[in-house]
Amino acid sequence: MEDMLSFWDVAIYFSAEEWECLGPAQWKLYRDVMLENYSNLVFLGLASSKPYLVTFLEQIQEPSDVKRQAAITVHPGGKCYTCKECGKGFEHKKVYQNHRRIHLRVKSYKCEECGKSFRFPSLLSAHKRNHTGQKPYNCEICSKAFHVPSLLSVHKRIHRVQKPYKSEDYGKTLHCPSLLSQHKIVHTGEKPYQCEDLGKAFRYPSRLSNHKKIHTGEKPHKCEVCGKAFDYPSRLSNHKRIHTGEKPYKCEVCGKAFHDPSKLSQHKIIHTGEKPYKCEVCGKTFHYPSILSKHKIIHTKENLCKCDICGKAFHYPLLLSQHKIVHTGEKPYKCEDCGKAFYYPSRLSRHKKIHTGEKPYKCEVCGKAFYYLSILSKHMIVHTEENPYKCEVCGKAFDYPSRLSNHKKIHTEDKPHKCEVCGNAFCFSSSLRKHKIIHTGEKPYKCDICGKAFGSPSRLSKHNKIHTEDKPYKCEVCGKAFHFPSLLLVHKRIHTGEKPYKCEVCGKAFYCLSTLSVHKRIHTGEYAYKCEVCGKAFHCLSTLSVHKRIHTQEKPYKCEVCGQAFHASSKLSHHKRIHSGEKPHKCEICGKSFYYPSRLSKHKVIHTGEKPYHSQASGKTLDYPSRHSKPKTIKTGEKPNKCEICGKAFSFPSLLSIHKRIHIGEKPYNCEVCGKAFRNPSRLSNHKKIHTGEKPYKCEICGKAFDYPSLLSKHKIIHTGEKPYHSEVCGKAFSYSSRISKDKKICTGEKP
């Protein structure tokens with residue numbers, strides 16, 4: 001034990017002449033250093049009893065009193081080793097050599113685990129216990145264990161409720177003098193320890209040392225279960241509870257339990273509603289000082305570090321350095337499993353969870369688990385339906401402030417991100433990146449099940465749910481389920497009738513914003529998405545994607561009942577109603593039901609008598625746009641869809657598909673009453689009217705009823721006497737187009 005340090009080995013000695021030269025500043029420095037040296041010895045367990053001189057210093061005596069006490073207590077004789085730097089004397093050579101390391105800053109004792117160095121072997125021994133987890137010093141009252149005896153001594157004061165060190169300003173009492181010194185800094189607001197990289201300041205050197213590990217990336221404490229590394233042993237301890245499921249910190253108000261005490265402290269503020277940290281500029285209050293610090297940057301905008309390439313500004317040089325990597329394209333952090341590279345190590349850490357399947361954050365309401373806490377927080381809003389952030393222009397509410405900020409750009413029409421290829425502009429840079437994939441054709445994200453490729457990982461994630469059929473979001477009104485909460489929200493508007501998105505040109509309203517965006521292109525005439533095969537242009541990308549399947553003959557959506565395949569999922573959904581007999585769209589006037597809303601809209605024209613579509617070719621007004629567009633196709637003679645067997649051509653691919661069934665003999669649509677089969681669903685629908693005797697289309701003049709609107713239209717010509725169809729051979733006029741074909745054969749002498 002003779003080689004162990006004592007208080008007198010690290011004490012500062014002054015001669016009588018030197019004491020007389022000390023001014024108030026030097027006296028204060030002497031006092032602080034002496035108390036700090038004693039605190040270090042206590043921490044290492046090397047102080048058996050408190051010297052009387054230390055008691056004097058703690059009680060803040062006058063310099064003259066301390067001078068007398070130092071002269072009595074400190075013995076100058078018997079010290080053969082004198083330090084040249086500070087004049088201090090030592091009896092033993094080894095103690096003198098250890099003392100010299102303080103001036104030379106030599107740290108000879110290195111930790112083999114993490115590489116950290118120390119001046120004394122006793123400090124290294126105490127440090128090693130952090131790695132081994134050894135805590136040999138136990139509290140006799142509560143059995144809590146500690147690495148070093150000094151921490152045990154401080155802990156014991158909790159049981160004795162002994163706090164001998166009192167703050168003069170606020171009267172707060174503390175267990176030890178070092179805590180009192182630290183506490184005083186809180187009142188002064190002083191942060192003397194500054195980070196050279198980020199500029200961030202701290203009250204204590206220990207906090208600065210901890211902070212520096214962010215820049216160095218040092219994480220010596222590794223989890224044995226999942227391999228995740230941490231910068232501090234306390235964080236590793238908290239992390240381990242994720243695997244064990246242990247939540248020892250419980251809220252007294254609501255009973256919610258947490259892994260670590262800091263999370264509990266944060267949670268408690270929810271119940272109290274306390275926001276003690278106020279912004280001096282705008283008066284906004286916050287729960288935590290860290291959030292206030294981040295908020296203050298909005299007002300200051302000082303000392304911004306600007307990017308030379310794009311001009312983007314940052315508050316800290318570290319953030320600028322991270323940003324510059326985006327321009328260089330360098331992605332130094334690579335995933336060992338799939339080879340994907342990232343700009344930042346944090347992004348790589350998040351990505352790795354996909355491979356490990358670790359989803360430590362679980363929803364207490366529905367049991368769904370998530371990779372990240374932030375995504376769980378977002379998910380919880382689905383259950384609460386809380387949308388606290390409201391748009392001042394249109395009144396729409398959002399769950400997050402970032403989504404409100406993005407939404408506001410719709411009203412300002414500010415689209416700073418422009419595509420260099422086609423000139424299309426976007427509100428957000430992310431939207432521009434997604435758009436560029438259209439021009440490059442790049443689809444790096446592939447589905448493992450069906451092999452389908454996508455331009456973005458989010459699209460692949462959405463697609464994967466088709467295979468799993470996991471639809472956790474259910475409508476309370478009709479029971480329909482959805483993959484995503486956003487789709488459920490849009491669907492609910494069908495029941496409520498809410499259409500918040502209105503077209504400024506024609507006044508038409510829509511359930512969702514994307515439908516309004518597509519609709520607007522009708523007025524602008526914008527067809528941004530063009531088919532490379534046939535040159536046909538479309539308003540939106542999804543319509544182009546569906547159209548391309550006509551050329552590739554790809555039909556990924558198959559009916560489980562009859563095996564018929566379709567280009568688009570919407571077509572399959574419509575087709576399924578034929579088998580189920582579901583007709584959800586009902587006419588309010590006559591009660592007739594339809595499979596599709598478009599059919600109901602067409603049907604309503606019969607009751608209103610409205611004919612809004614005008615044919616430029618014949619000058620006639622028509623009740624349906626199809627009657628206007630189909631004659632145009634016939635007139636131009638355009639029939640691009642040709643049958644490979646007989647060579648017959650058709651205007652539309654749907655007609656070609658129906659025609660092909662003649663050759664293969666396929667009749668997938670069966671009548672449930674008589675068993676008769678048909679090639680297409682419209683023929684089956686017409687046939688069913690024979691059994692029901694239904695004739696919903698009635699002539700207003702003579703009262704005659706018909707099965708179909710086409711027969712009613714033909715019948716009306718009898719009353720009007722109109723003959724719009726002229727023979728090119730003899731010039732004779734006819735009421736029906738079919739009569740022209742018969743007349744041609746009579747005039748030419750052709751025998752049918």
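We number each residue from 1, going along the chain as drawn.
Quick reminder: no glycine exception, Cβ is built from N, Cα and C everywhere.
The domain 'KRAB' annotation in Swiss-Prot covers 5-76 and rests on sequence analysis.
Feature annotation from Swiss-Prot assigns zinc finger to 81-103 (among others); the stated evidence is sequence analysis.
Annotation source Swiss-Prot lists zinc finger at 221-243 (among others). In the zinc finger (221-243), the DSSP tally of helix, strand and coil residues is 11 helix, 4 strand, 8 coil.
Using DSSP to sort the residues of the zinc finger (249-271) gives these counts of helix, strand and coil: 11 helix, 4 strand, 8 coil. Residues or ranges marked as zinc finger by Swiss-Prot on the basis of sequence analysis: 249-271 (among others).
Among the features that Swiss-Prot reports, zinc finger is placed at 277-299 (among others).
Averaged over the zinc finger (305-327), the predicted model reaches a pLDDT of 76. Annotation source Swiss-Prot lists zinc finger at 305-327 (among others), citing sequence analysis.
If you look up Swiss-Prot, you'll see 333-355 (among others) marked as zinc finger.
Feature annotation from Swiss-Prot assigns zinc finger to 361-383 (among others).
What Swiss-Prot records for 417-439 (among others) is zinc finger.
Marked as zinc finger by Swiss-Prot: 445-467 (among others).
Per DSSP, the zinc finger (557-579) is made up of 11 helix, 4 strand, 8 coil. Taken from Swiss-Prot, the feature zinc finger covers 557-579 (among others), and the record attributes it to sequence analysis.
What Swiss-Prot records for 585-607 (among others) is zinc finger.
Look at Swiss-Prot and you will find 611-636 tagged as region 'Disordered'.
The annotation zinc finger is assigned in Swiss-Prot to 641-663 (among others) on the grounds of sequence analysis. Across the range of the zinc finger (641-663), the DSSP-based residue counts are 11 helix, 4 strand, 8 coil.
When the zinc finger (417-439) is classified with DSSP, helix, strand and coil residues number 11 helix, 4 strand, 8 coil.
Secondary structure of the zinc finger (585-607) per DSSP (helix as H, G, I; strand as E, B; remaining residues coil): 11 helix, 4 strand, 8 coil. Residue counts for the zinc finger (333-355) under DSSP, split into helix (H, G, I), strand (E, B) and coil, are 11 helix, 4 strand, 8 coil.
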